[in-house]
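Inspection log for the structure reproduced underneath, given as structure tokens.
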């Protein structure tokens, strides 16, 4: 089983779209889309990881 991951190399970004493609973080928080999630990953210095796609 491959680990679930998202490429956040292009982040952080100053603004995210309102696109609704939820991701569940390792903090058990649902992020609205990849942009919101990746900005949080950068802020966490890489401690936040993707738990799974979809709502937590």
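Cβ coordinates come from backbone N, Cα and C, glycine included.
Remember, predicted model here, so these are calculated numbers, not experimental data.
For the annotation N-linked glycosylation site, the record in Swiss-Prot points to 45 among the listed residues 28, 45. Checked against residue 24 (disulfide bond) by C-alpha proximity, the recorded positions 16, 38, 45 yield 38 as the nearest. For the domain 'Kazal-like' (6-56), the number of residues in each DSSP class (helix H, G, I; strand E, B; coil) is 10 helix, 9 strand, 32 coil. Residues within less than 8 Å, Cβ to Cβ, of residue 38 (disulfide bond) and separated from it by at least 6 positions along the same chain comprise 6, 8, 10, 11, 12, 13. The two recorded residues residue 16 (disulfide bond) and residue 56 (disulfide bond) have their Cα atoms spaced 20 Å from each other. Each residue in the domain 'Kazal-like' (6-56) has a pLDDT score, and their mean in this model is 95.
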